[in-house]
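Everything below concerns the one structure shown next.
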Amino acid sequence: MAFVTTAEVCDANPQLILSGELRALQPVFQIYGRRQVFSGPIVTLKVFEDNVLVREFLEEKGNGRVLVVDGGASLRCAILGGNPVVQAQNNGWAGIVVNGCIRDVDEINGCDIGVRALASHPMKANKKGMGEKHVPVNIAGTRISDGDWLYADTDGILISRTELSV
């Protein structure tokens, strides 16, 4: 989606919006990381105040994918920090969207990766390894499935069932 904004995609595809093929997340996310524009196929993860599975995913090769983490919108601790984000950047992930909190904001803002989260929080998460991989998640008013495509820029975040050709 080189140089095409999410707003332009919405304007050019009213039929995809009406059919539900193209959805916009509610504007609840803060922008972190140096890459403000990113896109890629989605991998989903559902956790609650536990970051073991988040770290495991980001240790894998990203191949331009976007990790979407449903953290239950918890604002009680951070489920993503600087070290895993550096690892994600080095492993080729395009971005990470967290329905929850992050920490180590200055470190994350120095990384060449796109990160979206609800807020920052200084407390770390539990380390029990609880959660579900590759399951549909509901975040910011939108159902997101493994294999959907995510497009993010400073205007917002779009989810599509297929890769868009723009």
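The backbone N, Cα and C atoms fix where each Cβ goes, glycine too.
Under the heading substrate binding site, TrEMBL lists Gly81, Gly82, Asn83, Pro84, Arg103.
Sequence-distant neighbours of Asp104 (Mg(2+) binding site): residues of the same chain at least 6 apart with a C-beta under 8 Å from its C-beta are Ala78, Gly81, Gly82, Asn83, Val85. As annotated by TrEMBL, Mg(2+) binding site applies to Asp104.
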Completion exercise
Those same-chain residues, other than Gly81, Gly82, Asn83, Pro84, Arg103, found with Cβ within 8 Å of the centroid of the substrate-site Cβ atoms are Ala78, Leu80, Val85, Val86, Ile102, Asp104, Glu107, Ile108
Completion exercise
Fewest C-beta neighbours within 10 angstroms among the binding-site residues Gly82, Asn83, Arg103 belongs to Asn83
Handout entry: For the binding-site residues Gly81, Pro84, the one whose C-beta sees the most other C-beta atoms within 10 angstroms
Key = Pro84
